[in-house]
């Protein structure tokens with residue numbers, strides 16, 4: 001027969017186990033969500049997140065200037081390898097950086113099919 005103290009200890013242990021399991025699941029899903037923040041179209045993103053953020057800044061600025069719904073996503077399409085991205089570079093008056101930005105886009109899109 002189980003005493004009241006043993007029963008309470010067993011219940012506490014069960015709750016502790018449940019909390020640990022839920023924390024592990026939450027942590028895992030949070031990590032996956034953070035990884036999805038970055039563009040899935042860019043195959044060479046790992047190790048080049050600093051380049052990605054610099055190139056993405058152009059799209060964010062463009063979206064802020066024109067306030068067109070989905071403009072930032074259109075600019076990021078195909079890992080920035082599109083005419084809309086080039087248009088945004090011109091619209092944000094960063095044409096002097098065009099060659100550098102194109103090089104970064106090629107690095108990010110290396111291996112893209």
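Backbone N, Cα and C atoms are what each Cβ position is placed from, and that goes for glycine too.
According to Swiss-Prot, the features are:
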type: SIGNAL; residues: 1-35; note: signal peptide
type: DISULFID; residues: 42-79; note: disulfide bond
type: DISULFID; residues: 59-75; note: disulfide bond
type: DISULFID; residues: 62-88; note: disulfide bond
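Long-range neighbours of residue 88 (disulfide bond) (same chain, six or more residues apart, CB within less than 8 Å of its CB): 58, 59, 61, 62, 71, 75. Of all Cβ atoms in the protein chains displayed, 26 besides its own lie within 10 Å of the Cβ of residue 42 (disulfide bond). According to DSSP, residue 88 (disulfide bond) is assigned to a helical segment.
The Cβ neighbour count for residue 75 (disulfide bond), using a 10 Å radius over every protein chain in view, is 26.
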